[in-house]
Amino acid sequence: MKPTTQAAPRYFALIPAAGVGARMAADGPKQYIDIGGKPMLRHTIDAFLSSALISHTYVVVSAHDGQIDAVVPPGAVTVLRCGGASRLASVQNALRALAGELGEFDWVLVHDAARPGLNAALIAKLIDAVGNDAVGGLLALPVVDTVKRASMAAGANVPAATSSVARDGLWLAQTPQMFRYRLLCDALAAATDASVITDDASAIEAMGFAPRLVEGHPRNLKVTLPADIRIAEMYLAAP
Ligand SMILES: Nc1ccn([C@@H]2O[C@H](COP(=O)(O)OP(=O)(O)OP(=O)(O)O)[C@@H](O)[C@H]2O)c(=O)n1
Ligand SMILES: C[C@](O)(CO)[C@H](O)COP(=O)(O)O
């Protein structure tokens with residue numbers, strides 16, 4: 001019997017970088033803020049370029065982005081100027097733009113530009129853990145604090161806790177979130193509400209699948225608020 005040869009799996013990075021960084025309240029989009037001597041987005045790009053597992057890296061930016069060309073290393077990264085009004089829309093647009101380049105079984109690792117602390121070891125950990133999985137998965141951190149559900153009473157100036165949420169089984173999603181191209185396209189094509197589908201795994205879950213959770217690292221935080229910059233600087237100073 002002729003031995004069957006199966007093509008080696010391919011892993012592609014897709015970096016949504018079309019946000020405006022409203023919560024950072026900086027002069028411009030937070031993905032271009034300097035951290036440790038280079039723009040945040042360049043740290044994120046370099047994490048994928050440092051991994052021998054990644055076949056190619058794509059960055060999706062807004063159509064009128066005027067800063068990306070000074071950030072990406074020539075030739076090593078493809079810029080997709082199809083960012084949308086939400087992270088969901090940016091990823092949907094990027095996946096459509098890649099229809100002619102990616103095969104249905106190619107793995108896509110969607111990773112926030114705002115998570116510059118990613119490194120090759122975390123990329124390898126995720127791929128090793130779910131690269132043979134039927135669904136895919138994501139880096140995440142188990143919740144270590146007590147979680148409160150709160151409400152703001154009329155006339156109050158701070159919310160009040162109405163209950164505590166049992167933390168067993170609660171995880172905080174990070175990225176990359178890795179799924180095969182076809183499944184990810186189908187899941188996101190069915191997603192309409194960006195306020196509900198706030199990560200790629202949410203769309204996969206909405207199809208009834210259970211993405212695997214692989215423990216990430218605090219260095220892989222999402223740089224969202226001004227105070228996050230110092231934390232990112234600390235981790236990026238010690239790769
Ligand atoms: N329309 C959007 C919104 C967000 N993102 C990207 O999705 C990632 C996570 O989003 P977030 O941290 O919320 O970034 P912003 O949307 O820029 O931040 P904010 O919500 O404070 O405006 C970021 O890398 C961001 O650039 C994107 O590609 N397109
Ligand atoms: C994708 C994500 O980073 C997982 O935690 C998160 O959902 C992004 O949320 P944001 O409001 O778009 O930053």
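Indices start at 1 and increase along the chain as displayed.
Cβ coordinates come from backbone N, Cα and C, glycine included.
Heads up, TrEMBL stuff is auto-annotated, nobody curated it.
Residues annotated as site 'Transition state stabilizer' in TrEMBL: Arg23, Lys30. Under the heading site 'Positions MEP for the nucleophilic attack', TrEMBL lists Arg167, Lys222.
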Listed in sequence order, residues with CB under 8 A of Lys30 (site 'Transition state stabilizer') and six or more positions away: Gly19, Gly21, Met24, Met40, Ala114, Val223, Thr224
Neighbourhood of ligand 1 - recorded sites from Arg23, Arg167, Lys222 with Cβ under 6 Å: Arg23, Lys222
Recorded sites whose CB lies under 6 angstroms from ligand 2, from Arg23, Lys30, Arg167: none
Site with most surrounding Cβ atoms, counting all protein chains shown within 10 Å, from the recorded sites Arg23, Arg167, Lys222: Lys222
Spatial separation of Lys222 (site 'Positions MEP for the nucleophilic attack') from Arg23 (site 'Transition state stabilizer') - C-alpha basis, Å: 12
Separation of alpha carbons, Lys222 (site 'Positions MEP for the nucleophilic attack') and Arg167 (site 'Positions MEP for the nucleophilic attack') (Å): 21
Coarse DSSP state, helix versus strand versus coil, of Lys30 (site 'Transition state stabilizer'): helix
